[in-house]
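*Asks:* The structure's right below; bear with me while I get my questions together.
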Amino acid sequence: MHGLLLAGLLALPMNVLAHPAEQHASNVLSRRGVDIESFRLPLKAKYMDSDAAAQKIQAMSFSKDDDYVSTATKLVKSTFPKSTFRVVDDHYTGTNGIGHVHFKQTAHGLDIDNSDFNVNIDRDGKVFSFGNSFFTGEIPKENPMVKRAFSDPVKALKGAVKALNLPVKSDNAKAKTTAGKESFEFMGTTGALSAPKANLVYLQKEDGTLALTWRVETDVGDNWLLTYVDAHNSETVHNVVDYVASAEFKVFAWGLNDPTEGNPTSIRDPWTDSSPYTWHSDGMTKYPTTRGNNAIAQDNPTGGSTYINNYRPQSPNLIFNYPWSPTATPPSSYKDFSITQLFYTTNRFHDLLYSFGFNEAAGNFQVNNGNKGGRGNDFAIVNAQDGSGTNNANFATPPDGSPGRMRMYNWTTARPNRDGCLEAGIVIHEYAHGLSNRLCGGPANSGCLNALESGGMGEGWGDFYATAIRLKPRDTKDTNYSMGAWAANNPKGIRAYLYSTNLQTNPYMYTSVNSLREVHQIGTVWATMLYDLMWALIEAHGGTYSANPVFRNGVPQDGRHLAMKLVMDGMALQPCNPNFVQARDAILDADRALTNSANKCTIWKAFAKRGLGYGAKYDARNRTGSNRLPPGC
């Protein structure tokens, strides 16, 4: 079925809503006693979006007969008529029809290495948008190639090795000329994975002047560096670029559900092996923004359906560190923080689910599946502060091969208004709709959770994962949790009862579904049962609150992650549009497949507690409950 399921956090219309943080990964150079952060390039870029670009180019003359590279070249010439530059040989037309052309500024025939101009051309051959970091100061009058009063490249290599304490032996280094102006490769070195290289280039400095430098390239494994060594003083290193990018996010860390549970912290390189291209690449293109193989995050204040040209925070050095405070208003004032948080939570959940088996062949959300099965080109499109609604969120799940779409709204239930992106449980709930709809009935069928009861379970799975992920080391089976409490500004949350193992606190039973007519109500019953199941497995296997599960022979070694794994495996086993009884049986079958039914009786006892025991029967109008256990338990 080539359908599309759109699932929301709440029933509409909505009336009055009466682990520890991850450790930072240290940069390898920092461990050598060198702070690479102090050598980062200065940010010089400006960007003119499509609206601004349309106004600027009205006065410019372009020929309809020009190809997109020629059109882009004319724009650069008209913008910087006195500058010299070259076309970089990497232009292409994207799948969205936008042509991308890049230019490098030059001086005296040498590249100004951090002076770039990028032009985007639309399908009609017109300038769509552009950005640049061209040098606008005074170019040195004297051509350095005339007197050649600059240092030897070998001295530059030795200067880089010394300044950065690199594990490269350069005592016997000799420079060999290679193709390109003042380009060299070093022979006689050891310690680098490939022969170091050097190119004579200019560099824009922070003070607005140009420095003549040797760009020394050294690949030492954990760091692949471009070190800009002053061409007149080899003791001076101006800047360093590391190809082995460390991304840093200032966010509410994984396991913190909302701002009441902690403060934003800086987290570096949080991806796992589940994202082999990191979070900022699809294996073909690296993105200095909140875009990658698994997700693309942006704001969407108009609530429109387009997204590719929407606003995203840009960070060439992948440092996404933006301010936020509980009193900040309106939410748009901290949109950079919001988009970053949404991107982080979405990717973190992707990686966790991947470890459980929601991979390429299972129909997960990725652009590049790396020849591992499934259909690619379907990352999750996640919109922060979406203007199409308030006090809710939703996720649209098309079949595998088409992107999922999450829309996160602002909440008007508090003053100042609150941003749903800052409550991880809401993001996780929405993404879980994509999980359950891709697994139930197979990746190509998005119509297998459309019945009332199966749709209810779709809501329940979202609440279950949101709650399981937020557990803390101090929690016990007596700990209760709400859903959506922070966003809704209501400690009881947005569900009829708290998630609790206590039958007085949460009295829902299987037969409670007989009187319920709305998927979120039914979902609360299902999530309540799964909450009991999780705590039963934690009591049987212990609990760990680390960010990532530990597996042995494919089995999570703690009860919390085991519950998440079994519940997910059950989704793929159950029939299209299942009922509670069938979903329970699928979880039992999942345990059989994974552990040879080692947890059979534990699972039965958890479900029997809520009336979904041995002998419970489904009838749309008159479900029969049972607290019994099967023979052998």
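Backbone N, Cα and C define each Cβ position, glycine as well.
Annotated active site per Swiss-Prot: GLU430, in sequence order. The Zn(2+) binding site feature in Swiss-Prot is assigned to HIS429, HIS433. Residues annotated as N-linked glycosylation site in Swiss-Prot: ASN410, ASN480, ASN622. According to Swiss-Prot, the signal peptide annotation covers 1-18, on the basis of sequence analysis.
Can you walk me through where each of these features ends up in the structure?
*Replies:* Using a 10 Å radius centred on the Cβ of GLU430 (active site) and all shown protein chains, the other Cβ atoms total 29.
Other C-beta atoms found within 10 angstroms of the C-beta of HIS429 (Zn(2+) binding site) number 28, with every protein chain shown included.
Of all Cβ atoms in the shown protein chains, 25 besides its own fall within 10 Å of the Cβ of ASN410 (N-linked glycosylation site).
DSSP classifies ASN480 (N-linked glycosylation site) as coil under the three-state reduction. A simple way to gauge crowding: the CB of ASN480 (N-linked glycosylation site) has 14 other CB atoms within 10 angstroms, across all the protein chains here.
Around ASN622 (N-linked glycosylation site), the same-chain residues six or more apart in sequence whose CB sits under 8 Å from its CB are ASN514, listed in sequence order. ASN622 (N-linked glycosylation site) carries neither a helix nor a strand DSSP state and counts as coil.
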*Asks:* Quick check: of the recorded positions listed here (HIS429, GLU430, HIS433), which one has the Cα closest to that of ASN480 (N-linked glycosylation site)?
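*Replies:* Among HIS429, GLU430, HIS433, HIS429.
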*Asks:* What's the CA-CA gap between ASN410 (N-linked glycosylation site) and GLU430 (active site) in angstrom, rounded?
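*Replies:* Rounded to a whole number, the Cα-Cα distance is 15 Å.
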*Asks:* Hey, does DSSP put ASN410 (N-linked glycosylation site) in a helix, a strand, or just coil?
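*Replies:* It is in a strand.
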*Asks:* Using a 10 Å cut-off, grab the number of neighbouring Cβ atoms around the Cβ of HIS433 (Zn(2+) binding site), all chains included.
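*Replies:* Result for HIS433 (Zn(2+) binding site): 26 neighbouring Cβ atoms inside 10 Å.
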